Amino acid sequence: MRIDVVTIFPEFFDVLDISLLGRARQTGLLDVTAHNLREFTHDRHRTVDDTPYGGGAGMVMKPEPWGEALDSILPTETEAPGGDAPVVIFPSPAGTVFTQKMARELAQREHLVFGCGRYEGIDQRVFDHAATRAEVRLVSIGDYVLNGGEVAVMAMIEAIGRLIPGVVGNPESLVEESHEDGLLEYPSYTKPAAWRGLEVPPILLSGNHRAIDDWRRAQQIERTRTVRPDLLPPDLLPNE
Ligand SMILES: N#Cc1c(-c2ccc3cc[nH]c3c2)n[nH]c1N
């Protein structure tokens, strides 16, 4: 998978050179490039923002640098993409909420482009023009406000990148996770069997794998019912 990120803080993504995603980059499973939006300005101060039309506090990111940055990444009309067309994702508090389902869907795509806004956001025409030549999505990572898109893009790259075959050593570990099957994950334990007066649930030491599986499922349901009842599938909702 090819990932391009447009940002005024390209160094923010240096951290992707470590851990699982770092190895995925070295092995060619993941090709991540951070582009500095200021490289697409032409004034002495490398200006990327200006005051908002209609007034209001703060500054808005100018369309021209974004247009040139996306020109340098997206295929032109004549260059039909070799594989599937890129998806351009702009993190935004006004976006569709990012979910594991969306991560799984985006992990199937060959080319993702992320545009990191700052200030009060990006001129709307950037989204409108990009939509004439690619699939564009505004995506939010949750109902709270950040100062810019970089943290959100980092989270999405990790959530998507780890689903690419070969990135995570043991694909089995991707299966029993929170949100993967719609329920929150069960509690985990490891040695020692007793720690500060706290014992590992005896069922987990029984060797009875059917009973362990049943216990774990029950824990998932109980946790989900308590913490995230909104995730419970209809057949597990408590009877009214
Ligand atoms: N995704 C997401 C976001 C943001 C966000 C994204 C982009 C910009 C650009 C300026 N401020 C931003 C906030 N806040 N909260 C979220 N869940």
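Positions of Cβ are set from backbone N, Cα and C atoms, glycine also.
Per TrEMBL, the candidate among G115, G117, G166, G169 that belongs to the S-adenosyl-L-methionine site alongside I141, G142, D143, Y144, V145, L146 is G117. For the binding-site residues shown (I141, V145), fewest C-beta neighbours within 10 angstroms: V145.
Residues G117, I141, G142, D143, Y144, V145, L146, recorded as binding S-adenosyl-L-methionine, reach a greatest CA to CA spacing of 17 Å.
Minimal Cβ crowding within 10 Å, among the binding-site residues G117, G142, is found at G142.
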